[in-house]
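Working notes, beginning with the structure itself.
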Amino acid sequence: MGLLLLLLILTPLLAAYCHPDFRLLEKAQQLLQSTGSPYSTNCWLCTSSSSKTPGRAYPASSREWTTIEAELHISYQWDPNLKGLIRLANSLLSKVKQDFPDIRKEPPIFGPIFTNVNLIGIAPICVTAKRKDGTNVGTLPSTVCNVTLTVDPNQQTYQKYAHNQFHHQPRFPKPPNITFPQGTLLDKSTRFCQGRPSSCSTRNFWFQPADYNQCLQIPNLSSTAEWVLLDQTRNSLFWENKTKGANQSQTPCVQVLAGMTIATSYLSTSAVSEFSGTSVTSLFSFHISTCLKTQGAFYICGQSIHQCLPTNWTGTCTIGYVSPDIFIAPGNLSLPIPIYGNFHFPRVKRAIHLIPLLVGLGIVGSAGTGIAGIAKASFTYSQLSKEIANNIEAMAKTLTTVQEQIDSLAAVVLQNRRGLDMLTAAQGGICLALDEKCCFWVNQSGKVQDNIRQLLNRASTLQEQATQGWLNWEGTWKWFSWVLPFTGPLVSLLLLLLFGPCLLNLITQFVSSRLQATKLQMKLNKRVHPRNSQESPF
């Protein structure tokens, strides 16, 4: 009876219980309903959290190539034979940095973010860079590229760079040339690519339109009223709507195509003429790498996804968006994991003993390429964030150990160098004795330690976010699973203590009343039977 009362009391509470992940599931279902999807009811939204399952990449449309913004990062190296021109070279380098738009202050972190991603669909534009000594970032097959633009790696052309402190104007490398298969691009009037300033002020001729500028059209755009045009002077793409006139401004400060072509240059050298002749003196060389500034966009190179491309990169890449491998399964399909049913009913269709691994949905935009959003289960995201933080922290500790070993080795080498110089002091030192150039090691451990410190800060930030956001629910589930076996006995004892005296009193009164009724009946029987015996004729 106590168990029956317990079930009657707890059934409404269990029916009204709502797991916190129901909100994510409801949002996903509402998103399906708002898009008119036939799977808005009676279906499962699933995605795999396994690292072996490849993700999906969706190429950006031709028009999105004109709006996605990039940023540049410059690192430089002085020429060893600079000598007395160091002051002028430093002034020139400062001017070059000022004239470059949208310079990234923090050094980018290179390397693939994901390495097992499949491109879905055909990319309208791909960029290929081929250098024997380049850094390979991955190569897309030509079958998934509609138009492939190839960056010429052998270009060695220069242009004068205005600087009033030099007697002869310095020379500056021009942007690399872009080649493409004959007949893939269409010639258009020059007016469509002239007068297109960028959204930021720049004095660098790499980003300024020329007086005469050939304009080429990227074919196979969905709308006949819209064009995507290639500016070969600045290696930039423009979106053109023929119904709105020719003077349509460029949106990004540095376009993604311009950043990709500039980053293919290796040791771009600035040189100045010493005399009126043809001899030149090199001042400094600089590396330019590029990153995507627009959030959510990535470089898709083969099966690798990158946020930044290093200097002298090689491979075939496009740009696009990334999502996990998400699928929609019909409701009658047997799934390998338990998951929740319809959220509008108070009862649960399947047993709640595991939360969903991951729930999400990516909606492709009007061009069929953009991703509107991805929803994830809270608990899985929390665990993933913790794992990433732990991996970053472990990597930082490993880098610290390696750097300490390098510092120790450098100290030993320098000590040996001093000893050899002392032994060969009569000959002018070890370098003069060997008749070779002297090489000195420059310790970069400070920069490495700064990067390690940044990695540790990122790890601590991820751990704090995971703890603050999701630890309460995780702790609640652990506490609930521990207390649940004792809930039944505790509730039964509580009910017994609350209602036991009342029930005992009722039982006592009932027994007492029955006893009194029995005694009264017995007295009546004693009185009635003697009288009946006296009146009997027998």
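Just so you know, the numbers here start at 1 and follow the chain as drawn.
Yeah, the Cβs are placed from backbone N, Cα and C, and that goes for glycine too.
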### Stated Swiss-Prot location of motif 'CKS-17', expressed as one of 23-39, 125-141, 142-158, 414-430
414-430
### Summary
Expected hit for motif 'CX6CC' in Swiss-Prot across 260-268, 431-439, 503-511 is 431-439
### Message
In Swiss-Prot, one of 15-18, 43-46, 227-230, 495-498 is tagged motif 'CXXC'. Which stretch would that be?
### Response
43-46
### Query
So among the glycosylation sites ASN177, ASN241, ASN312, who's got the most Cβ atoms within 10 Å?
ASN312
## Note on the structure
Expressed in Å to no decimal places, the gap between the Cα atoms of ASN146 (N-linked glycosylation site) and ASN177 (N-linked glycosylation site) is 20
## Note on the structure
Mapped onto three states, the DSSP assignment of ASN312 (N-linked glycosylation site) reads coil
### Task
Find the average pLDDT over the motif 'CX6CC' (431-439) in the predicted model and report it.
63
#### Entry: Distance from ASN312 (N-linked glycosylation site) back to ASN177 (N-linked glycosylation site), taken between C-alpha atoms, in Å
15
## Note on the structure
Around the Cβ of ASN146 (N-linked glycosylation site), other Cβ atoms within 10 Å, all chains included, total 16
